[in-house]
């Protein structure tokens with residue numbers, strides 16, 4: 001991160017099917033509070049200052065609607081995001097299967113083969129699981145992204161999920177910087193054959 005004491009900003013977008021706990025996870029991180037009632041989100045924005053790996057970070061988190069009818073709005077929000085938390089409920093196989101669509105949408109909107117992303121299996125505090133830890137790990141491995149299991153209710157893994165995304169965004173920024181330097185070196189040393 002930056003060597004100065006100036007906080008670094010990270011624009012995150014939280015995506016996933018309706019009812020998987022996107023808002024509950026975000027509110028748990030921001031306000032240290034668990035929301036019991038399900039109130040479908042259209043769009044909410046949150047900002048929180050945290051310390052990740054000794055550096056001050058500003059998390060700018062956009063909590064999006066999971067319902068399909070808001071897909072066009074979600075695309076607009078995805079354009080501004082640097083990284084994505086793709087959340088499913090371990091109690092819902094359907095929400096797990098829908099993650100592929102959210103990932104594909106993010107890649108298409110960002111016009112990239114890879115974007116900073118973390119797969120999050122939420123609601124691990126509930127006794128009935130339809131998605132195993134192995135299934136979550138396997139999907140994350142196939143995407144080439146980290147996997148974190150969480151519970152908005154017990155706080156398990158909440159910071160880990162968001163902080164892992166910070167690290168993924170940082171790695172992507174470093175990779176892009178390295179690519180720019182490499183491209184500029186190639187531009188400076190062109191050979192001319194006579």
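Quick reminder: no glycine exception, Cβ is built from N, Cα and C everywhere.
Feature list (source: Swiss-Prot):
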type    : residues              : note
BINDING : 16-23, 63-67, 122-125 : GTP binding site
MOTIF   : 38-46                 : motif 'Effector region'
MOD_RES : 191                   : cysteine methyl ester
LIPID   : 191                   : S-geranylgeranyl cysteine
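Annotated features, which come from Swiss-Prot, shown on the structure.
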residue	record	Cβ neighbours (10 Å)
16	GTP binding site	25
19	GTP binding site	17
22	GTP binding site	28
64	GTP binding site	26
124	GTP binding site	20
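Residue 19 (GTP binding site) carries neither a helix nor a strand DSSP state and counts as coil.
Model confidence over the motif 'Effector region' (38-46) is summarised by a mean pLDDT of 63.
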